[in-house]
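These notes are about the structure you will find just below.
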Amino acid sequence: MPELPEVEVVRRGLDAHVTGKAITAVRVHHPRAVRRHEAGPADLTARLLGMRITGTGRRGKYLWLTLDDGDEPLARRAESSVALVVHLGMSGQMLLGPIPKEDHLRIAALFDDGTALSFVDQRTFGGWLLADLVTVDGTDVPVPVAHVARDPLDPRFDRDAVVKVLRGKHSEIKRQLLDQTVVSGIGNIYADEALWRAKVNGARLAESLTKPKLAEILDHAADVMRDALGQGGTSFDSLYVNVNGESGYFDRSLDAYGREGEPCRRCGAIMRRDKFMNRSSFYCPRCQPRPRVRRA
């Protein structure tokens with residue numbers, strides 16, 4: 001599933017290539033792709049026609065395009081009040097260029113300059129919906145994103161406030177890193193990478209860690225996601241690509257995730273994998289020892 005760096009790569013591509021364009025046609029090829037838009041495909045299509053993209057936004061793994069009615073010149077328009085929220089799901093792709101002729105095309109939009117944007121989604125977990133913008137903590141976000149906390153790459157991210165929240169949590173630190181209401185954007189891959197860098201096992205209770213160690217984990221999460229962003233994100237297959245259809249290559253630089261049975265790059269111990277929340281956690285048993293189970 002795309003995490004923060006992968007979504008940010010897509011956002012940057014869209015921001016550079018679709019901002020300022022007006023939508024002249026929309027076709028929904030699969031109803032599941034608009035199931036989150038409660039008014040249905042016809043309403044989504046009708047409302048998007050003639051709207052102009054004024055910008056892009058992201059919080060954590062959530063991506064959106066801000067819109068207006070397209071009637072006023074760009075310089076005289078008020079701030080947007082509605083957004084097209086894009087859920088990439090497990091395999092969603094926002095592709096620029098000619099509309100592809102393939103079975104997994106879900107939505108296609110044409111612009112006033114003759115270019116097109118296609119939403120391709122093999123597993124159909126993603127989709128589009130229109131939502132109003134609301135102001136939360138000084139930032140305009142779509143209503144479905146209002147509950148999501150700021151992510152470590154957000155300029156207004158308050159690391160100390162998040163550390164304070166984590167210190168009060170009687171649950172595993174990895175579980176808290178994946179909680180989008182505590183801190184957003186850190187998915188399974190980058191949680192494992194941050195914990196490996198901090199030499200902390202994900203099964204440790206958040207409340208058992210010191211404030212400096214929690215701050216270190218958050219700093220590592222930010223650093224590893226910046227590193228991934230610089231390499232176009234992490235792609236294990238062809239499902240994650242940027243707006244030009246190109247895969248990222250940070251998977252070659254991963255220190256923990258997916259490295260079960262391989263030597264730890266730091267100490268040489270054999271990396272292990274544990275089941276966790278219907279996912280897998282990868283860690284070094286020497287650098288990141290599991291917490292001891294207290295006997296009653």
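Positions of Cβ are set from backbone N, Cα and C atoms, glycine also.
Here Swiss-Prot flags P2 as active site, schiff-base intermediate with DNA, drawing on sequence analysis. The feature active site, proton donor is assigned by Swiss-Prot to E3, K61, R279. What Swiss-Prot lists as DNA binding site is H104, R123, K169. What Swiss-Prot records for 255-289 is zinc finger.
For E3 (active site, proton donor), the spatially nearest entry among the recorded positions K61, H104, K169 is K61, judged by CA separation. Per-site Cβ counts within 10 Å over the recorded positions K61, H104, R123, K169, R279 peak at K61. In the three-state DSSP scheme, R279 (active site, proton donor) is classed as strand. K61 (active site, proton donor) and the residue listed as 'active site, schiff-base intermediate with DNA' are 7 Å apart (CA-CA, integer value). Taking only the Cα positions, the spacing between R279 (active site, proton donor) and K169 (DNA binding site) is 21 angstrom. Between the active-site residues P2, E3, P2 has the most other Cβ atoms inside 10 Å of its own Cβ, all protein chains included.
The two recorded residues, K61 (active site, proton donor) and R123 (DNA binding site), have Cα atoms 18 Å apart.
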